[in-house]
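Lifted from Swiss-Prot, the feature list:
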SIGNAL    1-24  signal peptide
DISULFID  Cys33-Cys245  disulfide bond
DISULFID  Cys81-Cys91  disulfide bond
DISULFID  Cys96-Cys103  disulfide bond
DISULFID  Cys151-Cys234  disulfide bond
DISULFID  Cys156-Cys217  disulfide bond
DISULFID  Cys164-Cys180  disulfide bond
DISULFID  Cys184-Cys193  disulfide bond
DISULFID  Cys194-Cys204  disulfide bond
Amino acid sequence: MMKSQAALLGLTTLAILFFSGAHAAKITFTNKCSYTVWPGTLTGDQKPQLSLTGFELATGISRSVDAPSPWSGRFFGRTRCSTDASGKFTCATADCGSGQVSCNGNGAAPPATLVEITIASNGGQDFYDVSLVDGFNLPMSVAPQGGTGKCKASTCPADINKVCPAPLQVKGSDGSVIACKSACLAFNQPKYCCTPPNDKPETCPPPDYSKLFKTQCPQAYSYAYDDKSSTFTCSGRPAYLITFCP
């Protein structure tokens, strides 16, 4: 009798999971850069974080994490990371401030290239993009694996650090440009940040700095209202491949 009740409970649990739309979307990270990257993950809306919130990814290595559905969050790549004598872990770009390899619910300090994904329930329509709204630190792309609909890759393959204007440059200890600020971060003005009184698309056109980002990476979000050519969709429960230096 106990076995029958246990079996029934198991079937009931599976049915609840199935009909509630529970589904894990595999998200794979691949590093094609010539240097090590430390990916970070951040779940939105103060919901539970993924099982991996930060890890080391050497050149040529791939690693995966499962995201539930529905789910929404962002991914980033930290560079030039090290651990000091006290054991504190920090990165020169996109540091999440946790003091550890794991970000533990902390986001990337800008400037940072971001991949944003919103996973729908029940195989509905997912949304995803590469965003440079918080600036740029390394090339990234996101591509659905499987799924139905358009399901095109969104990519920013250019190294914007090489053409970053002087006012936006972030330099490393060796004097090289290691990241490129957004105009909003650099100047903190409403016309660049799309904040009042410039908080509508018609009052916040893309500045020249954003146009430079857009020229280098046409598929990426370059400023707050840049969504017509930069938001991508896919349905049918696809997996996702995020590539550093595609």
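From the backbone N, Cα and C atoms, a Cβ is placed for every residue, glycine too.
Taking the Cα atom of each, Cys234 (disulfide bond) and Cys156 (disulfide bond) are about 19 angstrom apart. A straight line from the CA of Cys156 (disulfide bond) to the CA of Cys33 (disulfide bond) spans 13 Å. Across the fold, the C-alpha of Cys193 (disulfide bond) and the C-alpha of Cys204 (disulfide bond) stand 8 Å from each other. Looking only at other Cβ atoms within 10 Å, the busiest spot among the disulfide-bonded residues Cys151, Cys217 turns out to be Cys217.
Least packed by the Cβ count within 10 Å, out of the disulfide-bonded residues Cys81, Cys164, is Cys81.
Cys234 (disulfide bond) is surrounded by 24 other CB atoms, counting those within 10 A of its CB over all protein chains shown. Between the C-alpha atoms of Cys96 (disulfide bond) and Cys194 (disulfide bond), the distance comes to 25 Å. Annotation for the disulfide-bonded residues Cys184, Cys204: lowest Cβ count within 10 Å of the residue's own Cβ, Cys204. The closest partner of Cys204 (disulfide bond) among the disulfide-bonded residues, by CA position, is Cys184; the full candidate set was Cys91, Cys164, Cys180, Cys184, Cys217.
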